[in-house]
């Protein structure tokens, strides 16, 4: 919405902000004596649609009043277009009409750190979410016992309500993190989330995943990978999960009990069948952290086939599918 302020008329109030369900009393007053622009010939439009004449009444020769009751939320967050027209349809004046709700308290903040180098957080905007007005969300963070408030600057990195802090984060010291929401009708602040970067570390998917046959065994495949190279200089443990599916299926079977190994043998497979295999990593216990850790994304699928029944020749290892 953009307010129109020509010299021929003025709308009052200009650019009002109202709660959903409110009423609006507005006037369009002609300035001077433009030809064909007396109050009796004026009419109103809202978002390009002419409002019924019973919503208006003439106050005097130069002023037309408008009464709207039980207003709905604005159709666009930038405001609805309320326009006063002359008899011939020309625009005399315009106003932005903002109708909505104040922001609700953001909640469900979750954060993770990729290889202890950054911090990404996301949140839920409120129980209902929709305010019908442009609402600004700011992620704030500070060291728990000292330091000043900082404002995250890289928004929408993993969705509409998220933000990324790329660097300059301290380890071994808790952070306080919260979200502030503001719009034309008010503001709200989330509860404070306290966390240590070491407790929310995730990493890249395991690289170099190889899947190969186990000799001539028809029902088995061997899976090997390496631990996350980005964490090689840190004291940590790791858990791994494997999932696999047959080529023509979308149903994955997950192997949970891989623990800290970097290899695993899949058994009970179908002979002569192509399987897709993925691996993911959960780094935990970094420098003694007691938290459960956060799973990485899955690695790119790697494909390999089990030998057909009676097949004697060992086929080459698996191929990565991009």
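All residue numbers here begin at 1 and follow the chain in the order shown.
Heads up, the Cβ atoms here are built off N, Cα and C, so glycines get one too.
As annotated by TrEMBL, domain 'Ig-like' applies to 6-90.
Residues or ranges marked as domain 'Fibronectin type-III' in TrEMBL: 105-200 (among others).
The domain 'Fibronectin type-III' annotation in TrEMBL covers 205-309 (among others).
What TrEMBL records for 300-322 is region 'Disordered'.
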Integer mean pLDDT for the domain 'Fibronectin type-III' (105-200): 92
DSSP-derived helix, strand and coil totals, residue by residue, for the domain 'Fibronectin type-III' (205-309): 6 helix, 40 strand, 59 coil
